[in-house]
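Trainee: Here it is, the structure in full.
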Number of protein chains: 2
Amino acid sequence: MSAEVKAAVARYLDAVAGGSPAAIAALYAPDATLEDPVGADLVRGRAAIEEFYGALAGAKVSTELLAVRAVAGHAAFSFRVTTDAGDQQYVVEPIDVMTFDADGQITSMRAFWAPGDMVVTPA
Amino acid sequence: MSAEVKAAVARYLDAVAGGSPAAIAALYAPDATLEDPVGADLVRGRAAIEEFYGALAGAKVSTELLAVRAVAGHAAFSFRVTTDAGDQQYVVEPIDVMTFDADGQITSMRAFWAPGDMVVTPA
């Protein structure tokens, strides 16, 4: 069961790196919620979630899983997201918490990070 | 605000290493909840929380913060707990999620880890 959850986390990070908001949103359950960063307004439903990830469309993004802890239906994981914006790279290492339904779809996502956690370096 | 949350996380890890269940429980709000590991029955209230940490009394425990992401009132952090049981060491690296009240007391704790995440080595 935790292996299924870990596989779902891997699919999510691959999709984020893939850069297709629709493909990312498809990993979410239709009525899923998203809170990114924690404390921000809740994004609810797959259409709104696809719009949330719209900022990624066309961006050069890579992701790397740093650590994952999973139990049935729940995961917490830290990962690195590197966004290449031409002359600058943006690197942030959030800790995300997700819940999953029986089909492995994401039912909720909460991302723990603050703007001050982002590192900007010349590419 | 996130600095206060990070300080509260550091106090918690110090208290766990200190090995006094009462001192750990004192970091929690009176009506706090604890879920460790995620999926286990909820432990509610400071007395029950002190009892939960009773297993630590007298144990040789060290803690090390690996990563912390904090926003006002919320933290997610990964850390290493090493328990020295004489001829064996138990090492586990959970990811914990905590909420805090305005006084910096822990109002909820959820620990993401599974028994399979524990590593046992000769001391």
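Every residue number used here counts from 1 along the chain in the order it is shown.
Placement of Cβ uses the backbone N, Cα and C atoms for every residue, glycine included.
What Swiss-Prot records for this protein is below:
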- B:TYR12: active site, proton donor (ACT_SITE)
- B:ASP36: active site, proton acceptor (ACT_SITE)
- B:ASP96: substrate binding site (BINDING)
Trainee: Going along the chain, which residues six or more apart from B:ASP36 (active site, proton acceptor) have their CB under 8 A from its CB?
Mentor: B:VAL43, B:PHE52, B:MET109, B:ARG110, B:ALA111
Trainee: Please report the distance from the Cα of the residue listed as 'active site, proton donor' to the Cα of the residue listed as 'substrate binding site', rounded to the nearest angstrom.
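Mentor: Between the alpha carbons of the residue listed as 'active site, proton donor' and the residue listed as 'substrate binding site' there are 11 Å.
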Trainee: How would DSSP class B:TYR12 (active site, proton donor) in three states?
Mentor: helix
Trainee: Return the residues near the residue listed as 'substrate binding site', defined as same-chain residues 6+ apart in sequence whose C-beta is under 8 angstroms from its C-beta, sorted by sequence, else 'none'.
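Mentor: The list for the residue listed as 'substrate binding site' reads B:ALA75, B:ALA76, B:PHE77, B:SER78, B:PHE79, B:MET109, B:ARG110, B:ALA111, B:PHE112, given in order along the sequence.
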Trainee: Could you tally the C-beta atoms, other than its own, that fall within 10 angstroms of the C-beta of B:TYR12 (active site, proton donor)?
Mentor: 22
